[in-house]
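A.B. asks: For 1-88, 104-175, 198-263, 370-439, 459-528, 649-718, the entry in TrEMBL reads domain 'S1 motif'.
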Amino acid sequence: MLLLGCIKEVSDYELAISLPNSLSGFVPVTQISEAYSKLLTKQVAQGELMEELNSLPDMYSPGTLVRCIVTSIEKRDDGRRSVKLSIDPKKVNKGLNSIALAAGMLLSGSVLSVEDHGYLIDIGVTGTHAFLPHQKAKNYIKAVKKGPDLKIGQNLNCLIVEVKNEGRVVCLSIDRSEVAASIATERQNWALSNLLPGLVVKARVQKVGPLGMKLTFLSYFTGIVDFMHMDSEKSMSYSPDQVVKACVLSVHPTSRVVRLTLRPPFLHPGGAPRQLPGQRMGAVLEEATVKTFYKQFGAVFELDDGTLAFARLKHLSKTRKSFKPGAFKEGCKHKCRIIDYSLMDEMCIVSLKHQIIEARFLQYQDIHTGDVVQGKVLSLKPIGMQVKVADGIRGLVPSLHLSDVILKQPEKKYNIGDEVKCRVLECNPGGKKLILTLKKSLVQSKLPVLSNYEDAKPGLITHGFVVCAREFGCIVKFYNDVKGLVPKNELGSEPISCPDKVFYEGQVLKVMVLKCEPQQERLLLSFRLSSKPGPEDKWKCTPKEKQEVKYQIGEIVDVKILKKKDNGLEVSILEDEDNVVAWIPMLHLSDFVATSKLLWHCLQEGDVLPRVMYLSAKGEHIILSRKSAVISAVQEEQVVRSFSEIQPGMLLTGYVRNVMPFGVFVEFPFGVTGLAPKVSMSDKFVTDTKDHFVVGQTVIAKVMSIDEEKQRVLLNLKVSECSSGDSAAESFALLNHYFKERKEIRDLLRRGEPSICELVPGKRVHLVVQDVREDGSALFGGSSVTGLTVTASRYHLGDKNITPGEKRKTLVLHVDALTSEVYVSLREELLKQKPKRVSMRSVFGFVCFCSS
């Protein structure tokens, strides 16, 4: 079904679309256009940001009209239906062909590429090349204010100016004045199979009824205008044979029903419907006047400012039995509340239900951090409890926050449907994210709510909860992810030698602010409530010369992440009065390159990393390393501290500094560097050095020879030459450490991407088909894979014929946490196999994180 919609909200991952008759739908980021999807796939494959790929907020704005096609309708957990849409021209314009194209036609297009003299536009017609000159786009670009150029994937309302070579080449315009003046005519040979929403036509009134009217247009088309889409100022003056201007709203391919609108903002292509002022949403109106009552649908009201509003039948009374039609005669007044706004109908949506009028929350924007709310338990999952706060508003109580103490079996305390009293820890209306706590100490606390660093004034006493207890002290978190450090000397009036034995994760305690630096988001705290703030100079960084002499290579420290940057982490060294700042390159987070990238992806600012080694001081930075093999080599004195200590035959642990066509440079702790020539890199024949090693990779190298005069070291990296003798023990130790790091990654992922942790190879999952691609592969979705891209290749669909909207049983083959991609199979021979009982179950869980 084709529909005209209006963009209501824009996020990085989808467009929320307002549809006619108070409906709404969503366009996923993968349904923008074919060119945009290819850029997304390329970016995921490369693992780095691409300059030509713009985010959805960079291209789209609320209030813009777009042509959509329904791709699927899914049933959500709460019983409501979710409409999935696409604005891809290849799907929206699939009824058009090159022969049908004619000058004056208005259709959807998407920017395919940027050329010297204009833009290539994808209009979804096979065999047709569409070109938009710069001159025809200049005024539009200036008006939308989205940058100096159109962007790949940007959806456009295009007017065909010229058709050449029997439709193989067309010239377009998006000039607002030209588009606005466009009217569909009989000469353009429109057919029901390719009729598009958004076309403005001249129509003749055929019949007028109480719920709308029937029109004829383009000679032989018939369409319907319902009561919500008549021009309110002329609704009583329409008569048969009257000629009116109308806009196509929707085309249903099966029932062949065409719906139109007579509302003024839609009668000029490219126009924009009126929007509701932000302060009106949720407003309670004491007197709204009934204008018209429709016994099958609801009532239209006139509000205090003269605008119209619509209330569905179910919103006119508490129950169907209590409904009294006599109370909704024209002129009757009622108290109501604005609960939504339909951009496509240009009407407020109101409710007369007492419980909605008195409701404290209607949308996420109504909820503030620190609010105490009542909720109903919807579900209990390993990550926590899902709570319904109001219609359309759900929150998550993480497992850590189900009680003042950690509950091993929360299902014994809570049941589905229980009423619970929670406090809001974090609310992000844009992302519709609501994090709650059930800890009584926090819910019942009368102390101030600390939700931003600016409010953390020295001397402030409030409640917080412990998220980490280590040798250096405790990390305490508050609301909105505000967190601070309680150093070891501030844990109590008496010295505490082992904080991890006194304090536990999730413990709620009173803390006092000693010092705060809001811009750096650094907070120093104390559990000694009678102590006074420390001197100002204690938190200042030391000069560089002091930092250099303070730490020695090989010294082990604990650090806290201050900032995440593209190539590493900026950290502060804990247990240091001067708060020394250091740097951990991304490739020094692990001995394994793939694990380094995953760790960087999972870690967050404020996290604490234990046992990190001081490696060197380069420029203005102290360089730290978390490579276990390198740390072990230093601690076991299997290193050389200078060139003079190197001897041929030595086995040294280091890391690849550079990969050149002629060989690999390897750096060792204390700054010694050597070269492994191409012939000594591998037991296999080496064609391209980059196929064998990558920068940052941990290696064991054997010293072949040294040149004292030129201070050069030649190395051998062949596996057959670099074993100490017990290769099996070395391999198992390395594998064991690899699995330990994978477990750490899994634990970190549970915080922000819990759904990916539940998926392991071999698991059977019921998913809904979202799309079948041209290459035969398919995309899947479902509540268990929210935020993930789930794909089945053509081979793994087997002989099954699938269509969007179907629910299918699938088998998880592979999970890539770095790209949030999941690969599944529908092949019967795999689904029928009984899951094997494997003692090393963790192996399956960790393999899914591999990323090369």
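From the backbone N, Cα and C atoms, a Cβ is placed for every residue, glycine too.
Unlike curated entries, TrEMBL annotations are predicted automatically.
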A.B. asks: With the domain 'S1 motif' (104-175) as the reference, which stretch in 1-88, 198-263, 370-439, 459-528, 649-718 has the largest tally of C-beta pairs below 8 Å?
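C.D. replies: Per the Cβ under 8 Å count, 1-88.
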A.B. asks: Reported in the order helix, strand, coil, what are the DSSP residue counts of the domain 'S1 motif' (198-263)?
C.D. replies: 3 helix, 35 strand, 28 coil
A.B. asks: Considering only Cβ pairs within less than 8 angstroms, which of the stretches 1-88, 459-528, 649-718 has the most against the domain 'S1 motif' (370-439)?
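C.D. replies: It is 459-528 that shares the most Cβ pairs under 8 Å with the domain 'S1 motif' (370-439).
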A.B. asks: Give, as a single whole number between 0 and 100, the mean pLDDT over the domain 'S1 motif' (104-175).
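C.D. replies: So the average pLDDT across the domain 'S1 motif' (104-175) works out to 91.
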A.B. asks: Looking only at the domain 'S1 motif' (459-528), how are its residues distributed among DSSP helix, strand and coil?
C.D. replies: 13 helix, 35 strand, 22 coil
